[in-house]
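Listed features, source Swiss-Prot:
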type: BINDING; residues: 62, 64, 154, 307; note: Zn(2+) 1 binding site
type: BINDING; residues: 64, 65, 66, 96, 280, 311, 325, 326; note: substrate binding site
type: BINDING; residues: 154, 181, 234; note: Zn(2+) 2 binding site
type: ACT_SITE; residues: 307; note: active site
């Protein structure tokens, strides 16, 4: 446990300013000052940040820890260690597990395991319906009382409008968000990548943009009618951005997220049968990606979430038609985004950090997270903004190495992550 972080750079009023941070034995921040003189207490341990960025720990509203049911892909331990490696101190896990925690007993067990078996604060979404695919709603008030951060069938869109309408009514009544994977399965037609030039060239079925935007349009009207907080997962199309922008202007209680891979890649990258580029929703067109950047800049898109989705090497070694959707992202998100959006792009560091700290804390109602404040628990990430590093699978804490970004050189690697003052990750020297 570190009791003092010295020589850090905090972002204050869009400027990096030298600050020291003192932490007490309970893991709470006791002082943030230009200079804090170390005491002579033998329990005090000092971390010299050496001019690195010291930030509030990042918040990821969309991770898949695969535990229980798919522990060959990930476990609570490895998934949370991967999050800590990426500078995340709070995450919200998806319920597409085996068994699906759609009964109160299983859900309570999972919440308890999240609290005792993970390296970071791990919150849990509950399913909207039984088994994620039927039309029987879970007991939302009971699940919220048991700790549900919201309700989602992630991995599946809610296909029946009446089911979604009733779910939104119940969620609105208990002030809980509906977190939607938006996908009209009747329009997907077995697609594996975006329905565009790459799909035609590779002769594989494509997923049309309207499979996303059609369900978004439906759900916006249901959200308007019910007043629920409606949050859209991993948006990918320019049509969705336009729909969300219009809905926000109309006063609909709507938020949304975008992933790093949808910001950084498009379907021009798919030149072969490369399953590291297979995810759901798929990589769309350059025009879609440009719209995502614009939406992130103007506030239409609220937060960045990784959709960290580990799979085994054997699964991802199959063809595009057979391999599962998804890539890992927890360990690379900040460094990739800092390098491409800030250093080589139009975003400021303040804008990037807001989308990964303060705004997700607001969107997901985590008032103790997302800021560095005296009296709060010391959830802290330290990033080296000047030293280039190469993304290597051998450095990953996750069981999953399925990412197209292996080998890329980035800035912004994680030096240290503290969760409630305890070391969750520290880079080896």
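Don't overthink the numbers, they just go from 1 along the chain as shown.
Just so it is clear, glycine is given a Cβ too, placed from its N, Cα and C backbone atoms.
The DSSP secondary structure for residue 62 (Zn(2+) 1 binding site) is strand. Of all the binding-site residues listed here (65, 325), the one with the fewest other CB atoms within 10 A of its own CB is 325. The binding-site residues considered are 64, 66, 234; of these, 234 has the fewest other C-beta atoms within 10 angstroms of its C-beta. Pairwise Cα distances among 64, 65, 66, 96, 280, 311, 325, 326, which the record gives as the binders of substrate, peak at 17 Å. Distance noted between the C-alpha atoms of residue 234 (Zn(2+) 2 binding site) and residue 326 (substrate binding site) is 12 Å. Counting only the Cα atoms, the space from residue 325 (substrate binding site) to residue 307 (Zn(2+) 1 binding site) is about 11 angstrom.
For the recorded Zn(2+) 1 site, residues 62, 64, 154, 307 set the reference point as the centre of their Cβ atoms, and the other residues of that chain within 8 Å of it by Cβ are 63, 94, 155, 233, 234, 305, 306, 308, 309.
Other Cβ atoms within 10 Å of the Cβ of residue 307 (Zn(2+) 1 binding site), summed over all protein chains shown, number 29. Residue 307 (Zn(2+) 1 binding site) has its Cα within 10 Å of the Cα of these binding-site residues: 326, taken from 66, 181, 326. In sequence order, the binding-site residues near residue 96 (substrate binding site) (Cα within 10 Å of its Cα) are 64, 154, drawn from 62, 64, 154, 181.
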